[in-house]
Structure formats: C-alpha cells, structure tokens
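Novice: Got a structure here, written out as structure tokens. Questions coming.
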Amino acid sequence: MSLNSRVPPSFPSINSLPGDFRFMGSPASDQLEKSDDGDLGNDYVKPLTISENGDLGAKAVEGPVGDIDQVVEDSPYGGNAVEYRPSMGDGELDSVASHLPSISASRREHRWDDTTSFAAKKKLQSWIQLPNGNWELGKILSTSATESIISLPDGKVLNVKTESLVQANPDILDGVDDLMQLSYLNEPSVLYNLQYRYNQDLIYTKAGPVLVAINPFKKVPLYENDYIEAYKRKSIESPHVYAITDTAIREMIRDEVNQSIIISGESGAGKTETAKIAMQYLAALGGGSGIEYEILKTNPILEAFGNAKTLRNDNSSRFGKLIEIHFSETGKISGANIQTFLLEKSRVVQCTEGERSYHIFYQLCAGAPTALREKINLKSADEYKYLRLSNCYSIGGVNDTEQFRIVVEALDVVHISKEDQQSVFAMLAAVLWLGNISFTVIDNENHVEAVTDEGLDNAAKLIGCDVGELKLALSTRKMRVGSDNIVQKLTLSQAIDTRDALAKSIYACLFEWLVEQINKSLAVGKRRTGRSISILDIYGFESFDRNSFEQFCINYANERLQQHFNRHLFKLEQEEYIQDGIDWAKVDFEDNQDCLSLFEKKPLGLLSLLDEESTFPNGTDLTFANKLKQHLNSNSSFRGERGKAFSVCHYAGEVMYDTTGFLEKNRDLLHLDSIQLLSSCSCRLPQIFASSMLAQSEKPAVGPSYKSGGADSQKLSVTTKFKGQLFQLMQRLESTTPHFIRCIKANNFQSPGLFEQGLVLQQLRCCGVLEVVRISRSGFPTRMSHQKFARRYGFLLLENVAYQDPLSVSVAILHQFNILPEMYQVGYTKLFFRTGQIGVLEDTRNRTLHGILRVQSCFRGHQARRYIKELGRGIATLQSFVRGDKSRKEYAVLLQRHRAAILIQKQLKAKIGRRKLKSMHDASIVIQSVIRGWLVRRCSRDSGLPKSGGMKDNESDEVLVKSSFLAELQRRVLKAEAALREKEEENDILHQRLQQYESRWSEYELKMKSMEEVWQKQMRSLQSSISIAKRSLVIDDSGRNSDASVNASDDRDYSSEMGSNHKQVESNGLRPMSASLSVISRLSEEFDQRSQVFGDDAKFLVEVKSGQVDANLNPDRELRRLKQMFEAWKKDYGARLRETKVILHKLGNEDGTVLKRKWWGRRNSSRMS
C-alpha cells in the first residue's frame, strides 16, 4: 500500500482471515471475558518479548508480490507458494530502509529470541512486513530452521525467512486500552491495536504512563459534561485527557507538588485541542470562583492572534505557550499566567501558497461591524497585499464572522476595555495598510520613496503619526558618521524590508501586549498558594519541502522537549532504581543527546555559529552555511548539502534546512528611526510598543569607522533569547511532576477515518512509545519514601506501631493488605510499586477517612443538637421571664387605662344624667305652670273676672310654648310604653322557656330515678345470688363429712352405694371445689367494682344535669353512652355467670346424686315457691 494514497489502507485484521485460521473467539465476546490484569490463562499469552523492527523492510521479504520465480516443491502448498527475489536495486532497498531508524544488532537479536521459535513451533499467526513498509497478518503453515511458509488473508502463500516473522497477539487482546496489556509488544501489534481503536472512535490509548492521542479530524462524542462527571467520580477508567488531568490535580493535592501536562507531537496532531480539553476539565473540577471562565476564554484570543492555516494543519499554532494554572488550598482555581515563545512574525508579511496569515486578519475583515470598518478604513481581505500573497482567504467549515464575534466576547471577558479593543483593531488594520504601501524609484541609484496613496495615508492615520514622517522613516535611514548626522536613502529592497520589519514588530508587540493584559486579568495576587498545574502546548515537529529559520527553532525546541521526556521516563527512572538498590533490568532507548549537543555545544554548535555569523557585518547566509560544513561535518547528526543547505538528523527524522534568511531573521533588525516614529505617535499603543522595543535594543557596534544611529542589532539574538526561554521553561518543568500526552497525526490529508500506517509508525518510533511501554511493564512507576508512606497509610494498621521506624511500619502495611512481593520492591529510601498497586491502598485510605469523617460528623451533630436543645430550653425560660414581665407591665397599663375609662364613663354618665334630669325638671315646671295657668283661667272664667287683652296675648304665647313641651313629653311616654311592651314580651318568652326546661328536667329526673331503681334492683338481685352461692358452697363443704348418714336418712335403699361415692368425692373433689370458690369470689369482686363505678357515673351525670357541677359535656349523650356500657357489661357478666354455673353443675354431678341440688337449684325453687 502506498503511504501517500488518499484511500484508507486496510490494515488486515485477524478477523478477516479464513475461518480455518481462527483459533480463538471473536474480539467482541473475548474482550468481555478478558480479566483486568491481562492474564488470559492460555498458551498464547507469554512473558514480555521485545520485537519491534527497525530496518526489517529489506530483509523480511526478497521481492515484490507477483514475481514468481521458483516453486517450493517440498511444501504441500507448493502450488501456491512463491519465493521473492529483488526487483529493485540495492540502492532502492537501502532508500526504503533509510526511512526507518536502525537499532543495534544486539537489540535485534534479543528482540527475536523467543517469539520466532514459539510462533514457528505452534504455527500461530504472525506479522510479516511487505516491501512497501506495510505489515500483513498471516498464519504459519510450515517452518524450518531458516524459512517459513506464510498464508495471507487474500489467499497468497509466501516463503519468507523465519527470523523476519513477528509474533501476533491473540485476538482477545484486540483493542486493549493499555499497550502494556499486549502479550507480544512489537511495532505491528501496537500499530494494529491503535488502528483497531481508531476505527471505533477510541482515539485515546495508554502506553504505560503516557497517553497516546490520535487526531480523528472530526468531532467525537467524548467531551460532554457526563464524561467530566464520570471521570470526576472515577466511574470510568478508560484512557482520556480527562483521566490524565484528573491524575495531575489529585497528585498536586495529595503530594503538594506542582504538576505539568506536556503535550507534544507533529504539527496537525491535535496538541492545541488537547490542551483546551485539559483546561476544560480543570475548569470543571476546580471551578467556582469565576476565574475559570476567563481562563477558558483566553483560548479564542490566543488562537486568533497566534494560529494560522498551514498546508498540514488548518489551525496550526505558530507560537508556543505555557499556561500555568494556580490553585487554592481547597483545590479551586485561583488564577493563571500565560507565557509565550517565539511567535512566527514572518507569517505577517509572507505566506506560502495555500496557507493563511494569522486568523485575526481574516476574522476582522469578515466580521467587523460597519462603524468599525468606517473608523479604521477596513476593506475586504483580498484588497490587502499581505493577505493576497497566499491566495487563500477562508478555511472549510470555519465561519470567520462568527469567530470574530467570539473573539470580541472573549476580549470583554478578560476585561479589555472597548477603547483598547478599538486600538487593537486599529493596529491590525495599520499592519494590513502598511503592506499596501508601494515605492517608486527617484534616481538612477535605485533610491526609492514611498508613494503617497491610500495605503500610506491610512497607515499613518491608524498609528497616529504624520504622513510625511512615516514616508521618511520608510524611505531613509539616519546615521551618525563621526560627529556628523547623515541621511541615507534606501534602496527598494531595503525599503521593503524596513516596511515589513515595522509591520512585524507592530504585530509582535501587539501580541505580547495582549498576553500581558490577559495575565493582569488572570493574576493570582494574594491568593497564590504555590500549587499549580502547567499545560505546555508548543509547536510540533515540522519538516516541509523548504525549511527555514522558523522550522530550525521549532525543531530545536522539540529536541529539548524530547530530551526532557527521555530524562524523566528513561534516564531518571533507571538512575533512581540503581541508587535505591532494587532489582532492575535495564532498557535501551534512543537518546537524542547527540542531536541536542549539535545545537547547543559551544563554541562550535549550530546556535553558537549562527550568533557568531550574525554579529559580522559582512556575514551572509552562504558564509554561514559554509562555516557549518567546515566545523560540523564530522558530527553524525549533521550533514552538509549543496549551496546554502544543511541537514540535521532529528529524533523524528532527517530535516534539510535552507539558510536563506537565517541571519536576517536571527538579527531581527528594526531601525531606530522606526522606533522613534512609533514613540512620536499620538495613539497609546504605538508608544507602548516603542518603549518595549527600546528596552530590548542596544547601542550599535557594527564597524570601527562609523556608528549608526539605529538599533541595527540587539543585545540578544532571536536564537539566544529563545534558548534562554527554553532553559527557563525546562527549569520550571523540572520542578514539577510531568504527565505526557503524545499526539499522533493519523494522516497528512486531515481526512477523518484515514489511518496511514507508515506515518503513524514513524511518529510512534519518534515518541519512543514501545520503549515507554517496556520500561513501564518491567519498572515501578509509583514510588514513595518510607517516611511519607508510613505517615500516609500508617493509621490503617490494626496494631499500634507509633514507636517503630518508618520502614517497619511500611512493611507491616504491605503485609496487612496482602500486596504481592512481585508487585513492589523496598529500596534504601523508597518503596517502589507496580502500576495500580498504590491505588488499592489509596482507595482503602479514602474509605477509612470517609468513615472517620462520618463518625466525627455524627458525633459533632449529636453534640450540636444537645447544645442547641439546652440553649433552646434556656432561651425558652428567659423568654418566659421576659414575656411575663412584659405582660405584667402591659397588664398594669391596661388596668390603669381601664380604671381611667371607668372613671371617664362614670363622669360622662353623671353629666348626661344631670342634663336629662335638668331637662325633665324644666319640662315638669313647664307642665306645672301650664296646668296651673289652665286651672287659674278656668277658675277665673268661672268666677267671671275680667281679663285684659294684654294678658290674653301672653297666655296664648305661653300655651304655644307649653304645648310643644307637652308633645315632646307625649312622644317620650309613647316610646317608653313601646319599650315596656317589648320587655314584657321578651319576659313572657323567657318564662315559657324556663317552664319548658323545668318540665324537661322533671322528666329527666323521673327517668333517672326509675333507671336508678332498676339498677339497684338488679344489683340487689346479683348480690343475693352471689351470697346464696357462697353460702351453698360453704354448706356443701361442711356437709361432706356426714354425707353417708344424711344419705341413709334420706334414702335407705342407696346407703351402701352412696357411702362408696362419698369416699370418692372426698378424695377427688377437693381441688375443683377450691377453684370454683376462687372463680365465684372474682365474679363477686367484679360486680361490686362495676356497680360502684356505674353508680358514681350516674350520680355525676345527675349533678351535671342539675347544674351543681360545671362540666364541658352533654349529660344526655353521656347518659345514653353509660346505659349502653351498662347493658354490654351486664350481657357479658351474665354470660360468664352462666358459664360458671355450667362448670359448677358438672362438678356437682361428679359428687354423686347427693350433691345434685346446688345453690342455684335451691334458689330457683325458693323463687318458684
């Protein structure tokens, strides 16, 4: 299969073999039966064997498929067997093998010792490598010492060398989530397992302590909130970025050590997305303060300003970043800090065909609102020269307008004001308009001048400077020669370089300013606790058709990270085993120290020679290349090429670099005229940029004859600064516990579902995945000092070991929990554990602590409840006192008011009475006077006395006045008579009701008396019956001794028979008669008690009815209830009395005929008589 084919190469699955080749169950069913520790319990699972292949491509087979030359006659399958012979020259075979990193013969020998012979003897399935580099799975049909016959899934039968076979794993191990579970660890098995999982969208696989993440180039449903909660509760154990991040934060809290998550891989392998996923989980797990939302919102900003579309990746990070997230003591996020490395400034002014500049330019052109467009004179992207160079303006499936909205929202979240946002967009537009500035030649010496056009005007306006000043800064350069200042006119190439340098510097300073503002927003301040988790997302290894200075620096950084990876997973691991004196089988690995020394060695390293050549005024890219070839040709990792090129053998493969532009980019010159131009601008941001650049510049020392007035060099070159940043980064990472995530690119076409075996295998080799798995399977990844182990788990011991040394306590813990000896080793200072062993102790510890907390919480709750109850009682008592005192005071006030009100009422009533009395007195006087006048007049008329006319008038007036008083009195009399009649009617009604009540009461009294008489008769009857029964029993007992004589006088005929019966009764009837007496006595006592109770109740009801006793009840209803109770008791008592009678009658029959007549018989007879 061709590695460059777009059609997904079908890696042959074991399931695709014919049925007669199958020897185990299907993967789906067998996977469920697989035990957790990988012990399959069959002959196919063997101990660890090393069988990855290096230069096997030229030795496994001897020719391409289809060249049939000789039939193998000694095989029963000889009719289909073919032997391969080379159809390509040795040079071509060597070229194929050269793409695969070689390993030593000793490692190769050790690799095949066990698996080949085992597979050949058992005739199991094995892997074979074809000439195109792909692996095929076949079954061994027959074998000899040197050759074997293999049957392929397509029916072909091959004759291959036995030593070229690679043992395949049983299909029960298809798709295991940890490569450590593979029985046979080799390249094709690892590759097949990864592809098996990749085809099921299981893109994460563990390789010991390393997480392998394969970019699916599509959205997979693995990142919902349900997954976050599941990994948080540890209900899912499958590999995931969430699992790695969860481990980091738990170890940070448990060990109180800073953690780091190092994400590496090729460009386009998914490092940026992986970093965002890790940040998402940290925000979910450590959120709550709101700062986590700001941290997540930094991703759209950094991606917009620092990512771009390349030929291999639509969202390639063109800078490196380290995000350090700080946590509080409770495990909550308290802040963050972002550090960036080596922004690719050259992408601002030039792009390769099919690539794009930074995303923000296209987002601004597509999504800026109308008001902003008018303010910064913004046009479409295709009208700017810097963006037109690559002829690529969009990315499939990406909406730049929507992305711009997201970026603006993120800027708001990180507290960048609207004014500053306007300034940022103005600087971006200024960079684009600078690219549109053109130059014209003004003399024969090729001197140029900037053309005054739209580009120059808009650029000057946006950065806040005069058009003439910008024109002069781009076309001339001020220099100092001796004591004189001269102005040098620039050539066309120099002017273009000056313009581009200004644009790159503005954009780089803008990027740094944004990162600084973000860090201010995320600052920890006083909340810092020292605990942090760092996430490193740095550009991946790059190898293009033309590799320049940027790829040189990027690949150097990846070499340094690879060395950090090797140091922690291989070097430090094995050194620690040796120092602590534990049993350990050394594992070889590919070390990149030689390549790293090629870069960093002084004075003859790549970086030193580049800095040296950059300081020479006459140094060129060609002289730099020649100097490299002169000094480094003897280095095995270096190879000189023709012209300006050279090659470096990196850990990920050989890369050829073109030195064109190396010196210029390393110097990163920006003339002082441009800096002064920015410092003189009226806008705030250009002034900040100028201050930043002046702080980094140095006084020139270019030549002995003159001194320039510009910053033609810097204190530190780009590579020197970058190297210093990398060393600081490594020092920070060395102080943390690292967690590695290796991102793998499935194909070069960014196509979902396409899995290129050769590309993936090359990345696996570069990452050292097989070596990591080997060292993890045979090593002890978890270690803890004796003191820390004893301190952390000592309380789990059943006996008291407080006075024992930490080692004894640690060993006692291991014995108590039955940790197998092969799962741990005890070193001089530490305990070393296999993978997963410490988890058992940690789970037990957590459960125990949880139980302790439950007990403590219950006890504290009990104590708190007791305290609250006592406090409540005290408060209630105090409240009662307070309320009593308050009530007494209120009562005193009310009493005083009541007395005052009574006094007022009394006075008012007295006043009203006096007024009424006076009016009545006046009225009576008037009536009397009228009557007297009438009497006088009548007497005078009768006597015939004359009356004067004046007197008549006065008398008439007086009569009128008195008649009005008389009418008022008559009205009052009528009203009083009506009121009197109403009162008399009401009195009559009340008399009638009283008579009714008295008649009813007399009826009730009669009824009660009659009932009482009935009850008394019944009680007397019962009492007489009981007394008669008692007397009868006494008489019977007293007469038992004289039964024989009595019987003889009563009946002479039965004297002898009665005598014998009397003896029998006397001997057997004593106990029943005593029992009968006790029953009768109990009945009598019950009768006395109940009669007393009923009598008392009836007397009480009579008192209530008569009003002698005040009770809140209805006497009629209670009387009925009492009667019902009496009837029920009477019925029950009569039944028991009859039962007693029957029993006594039976006892009497046993006594003989002389005892037949009992007390009830005599009573009945007496009653009848």
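The backbone N, Cα and C atoms fix where each Cβ goes, glycine too.
Sharing the feature lines straight out of TrEMBL:
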- 1-16: compositional bias 'Polar residues' (COMPBIAS)
- 1-39: region 'Disordered' (REGION)
- 121-170: domain 'Myosin N-terminal SH3-like' (DOMAIN)
- 174-846: domain 'Myosin motor' (DOMAIN)
- Gly265, Glu266, Ser267, Gly268, Ala269, Gly270, Lys271, Thr272: ATP binding site (BINDING)
- 726-748: region 'Actin-binding' (REGION)
- 966-1014: coiled coil (COILED)
- 1039-1070: region 'Disordered' (REGION)
Novice: Looking at Cβ-Cβ distances, which residues of the chain lie under 8 angstroms from Ser267 (ATP binding site) while being 6 or more apart from it?
Specialist: Thr310, Arg312, Asn313, Ser316, Tyr539, Gly540, Phe541, Glu542, Lys745
Novice: What is the number of residues in the domain 'Myosin N-terminal SH3-like' (121-170) that are helix, strand and coil, as DSSP sees it?
Specialist: 5 helix, 26 strand, 19 coil
Novice: Taking helix as H, G and I and strand as E and B in DSSP, count the residues of the region 'Actin-binding' (726-748) in helix, strand and coil.
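Specialist: The region 'Actin-binding' (726-748) comes out at 9 helix, 9 strand, 5 coil.
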Novice: For Gly268 (ATP binding site), name the DSSP secondary structure in the helix/strand/coil scheme.
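Specialist: Note: Gly268 (ATP binding site) is coil by DSSP, not helix or strand.
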Novice: At a 10 Å cut-off from the C-beta of Lys271 (ATP binding site), count the other C-beta atoms across all protein chains.
Specialist: 26
Novice: If you average pLDDT over the region 'Actin-binding' (726-748), what do you get?
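Specialist: 92, rounded to a whole number.
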Novice: Would you mind listing, in sequence order, the residues at least six apart from Gly270 (ATP binding site) in the same chain with a Cβ closer than 8 Å to its Cβ?
Specialist: Ala213, Asn215, Cys743, Lys745
Novice: Can you name every residue in this chain, apart from Gly265, Glu266, Ser267, Gly268, Ala269, Gly270, Lys271, Thr272, with its Cβ inside 8 Å of the center of the Cβ atoms of the recorded ATP site?
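Specialist: Once Gly265, Glu266, Ser267, Gly268, Ala269, Gly270, Lys271, Thr272 are set aside, the remaining close residues are Asn215, Asn313, Gly540, Cys743, Lys745.
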Novice: Under 8 Å between C-beta atoms and at least six apart in sequence, can you list the same-chain neighbours of Gly268 (ATP binding site), or say none if there are none?
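Specialist: Same-chain residues close to Gly268 (ATP binding site) (Cβ under 8 Å, separated by 6 or more) are Asn215, Thr310, Arg312, Asn313, Ser316, Gly540, Lys745, Asn748, Gln750.
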Novice: Within 10 Å of the Cβ of Ala269 (ATP binding site), how many other Cβ atoms can you find? Include all protein chains, please.
Specialist: 24
Novice: Cβ distance under 8 Å to Glu266 (ATP binding site), same chain, sequence separation 6 or more: which residues?
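Specialist: Arg312, Gly540, Phe541, Glu542, Ala652, Cys743, Lys745, Gln763 - these are the non-local Cβ neighbours of Glu266 (ATP binding site), listed in sequence order.
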Novice: In sequence order, what residues of the same chain, 6+ apart, have a Cβ less than 8 Å from the Cβ of Gly265 (ATP binding site)?
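Specialist: The list for Gly265 (ATP binding site) reads Ala213, Lys271, Gly540, Phe541, Arg742, Cys743, Ile744, Lys745, Gln763, Cys767, given in order along the sequence.
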Novice: Tell me, how many other CB atoms lie within 10 A of the CB of Thr272 (ATP binding site), whichever protein chain they belong to?
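Specialist: Here the count is 24.
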